[in-house]
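Okay, structure first, notes after.
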Amino acid sequence: MGLSFVSEPVRVRVPATSANLGPGFDSLGLALALHDQVSARVTAGGCQVTVTGAGAGELPDDDTHLVVRAMRATFDLLGGQPRGLALDCVNGIPQARGLGSSSAAIVAGVELARALVADGADRLDDAGALRLAAEIEGHPDNVAPCLLGGFTIAWTETTAPAVAGMAGVASVNAVAAEAADAADAAVTNPADGARAVTLRPSAAVTPVLFVPEERGLTAVARAALPATVPHHDAARNAGRAALLVHALTVDPSLLFPATEDRLHQDYRATGMPGTAALVTALREAGVAAVVSGAGPTVLALSTVPEEFDPGIGWSVRLLPVDVTGALVDRVRLGHAERDPVAAGRKS
């Protein structure tokens, strides 16, 4: 059966996010009260995108826009494409600063597509939306807090293919074929993919963002990482990541030791020396500071925000935690009505 699209526009608000939070590489994330808002409607044909705010004049205005690409991927999964689309993007999240601008675009696209299809939330539930968004992004640490809000712990499930033993198997080729079939089944298994839980951070914690004028590229930051790390560094990070969950939700006095990292920040330091220097200066002052995502923004988690001048070229923002995540409105007869079924998290 073909898709039925709603006639009215829909609108989604998605938060900025900070991933990793020091030791929680590719797993921990925090939603922040800084937002993009995107409205979309189905049209008779073509694709039109307008952008105001961050990225205006730089981001594409056609099907290559990341929100549209995420919408198209979602429509394909739902079972069909609309004839045309019109989007209006009002961006508050700085582009390429380590604040989840790409994840916000992806989550916005997935949620808009679900809301534009009459039974979209039934065809693709919240868990499926997270899996799809993480698949598009390549990792779940930003899309999870963007969709769910709050402080999230994300991971990826992969079904291990079960291969019969050699006894009774005619040839190695038969084993290989069986393994390939099992691998194909694993890829399509709905139990596979991103998972996440969301926690509410302590109200005593205030995220402080130090945002530079310069931009960073996630691909470049990831390319700086080694293929392997020393076992003692991995073990130390595991302990700090576990401690961070407790510190951020129960005992913020432990935030400083809990944000120590040995897996990624030092390896990336040469590619963003200003960021590395600011993190070092803040930590020497006793502040729980980390690189936000792939950088170059610096995140400080503080219980008593102190004035700290990062110097020329940086802006400082105190941003509360966004505990809501993606919010979808259906726009009807000149007023907006929230549709909790289409929202990324049911409250």
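Cβ atoms are placed via backbone N, Cα and C, with glycine included.
Automatic, uncurated: that is what TrEMBL annotation is.
The model shown is predicted, which means the values in this text are computed figures rather than measured ones.
Taken from TrEMBL as is:
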BINDING   Pro94, Gln95, Ala96, Arg97, Gly98, Leu99, Gly100, Ser101, Ser102, Ser103, Ala104  ATP binding site
DOMAIN    66-150  domain 'GHMP kinase N-terminal'
DOMAIN    262-302  domain 'GHMP kinase C-terminal'
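Shown on the structure are the features that TrEMBL records.
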| residue | record | Cβ contacts under 8 Å, 6 or more apart |
| --- | --- | --- |
| Pro94 | ATP binding site | Ala54, Ser101, Val211, Thr297 |
| Gly100 | ATP binding site | Pro15, Ala16, Thr17, Ser18, Ala19, Gly29, Ile93, Asn142, Pro145, Cys146, Gly293 |
| Ala104 | ATP binding site | Val14, Pro15, Ala16, Thr17, Asp36, Ile93, Cys146 |
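Residues 17-23, 25, 30, 94, 97-100, 141-142, 205-212, 214-218, 220-222, 224-226, 229, 233-234, 236-237, 248, 252, 255-256, 308, 310, 313-314 of the same chain sit 6 or more residues outside the domain 'GHMP kinase C-terminal' (262-302) yet have a Cβ under 8 Å from a Cβ within it. The Cβ of Ala96 (ATP binding site) has 19 other Cβ atoms within 10 Å, all protein chains considered. Apart from Pro94, Gln95, Ala96, Arg97, Gly98, Leu99, Gly100, Ser101, Ser102, Ser103, Ala104, the residues listed for ATP, the same chain places the Cβ atoms of Ala16, Ile93, Gly293 within 8 Å of the centroid of those Cβ atoms. In the shown protein chains, 30 other C-beta atoms lie within 10 A of the C-beta of Gly98 (ATP binding site). Look at Ala96 (ATP binding site): DSSP puts it in coil. For the domain 'GHMP kinase C-terminal' (262-302), residue counts in helix, strand and coil come to 19 helix, 9 strand, 13 coil, using DSSP. Mapped onto DSSP classes, the domain 'GHMP kinase N-terminal' (66-150) shows 51 helix, 9 strand, 25 coil.
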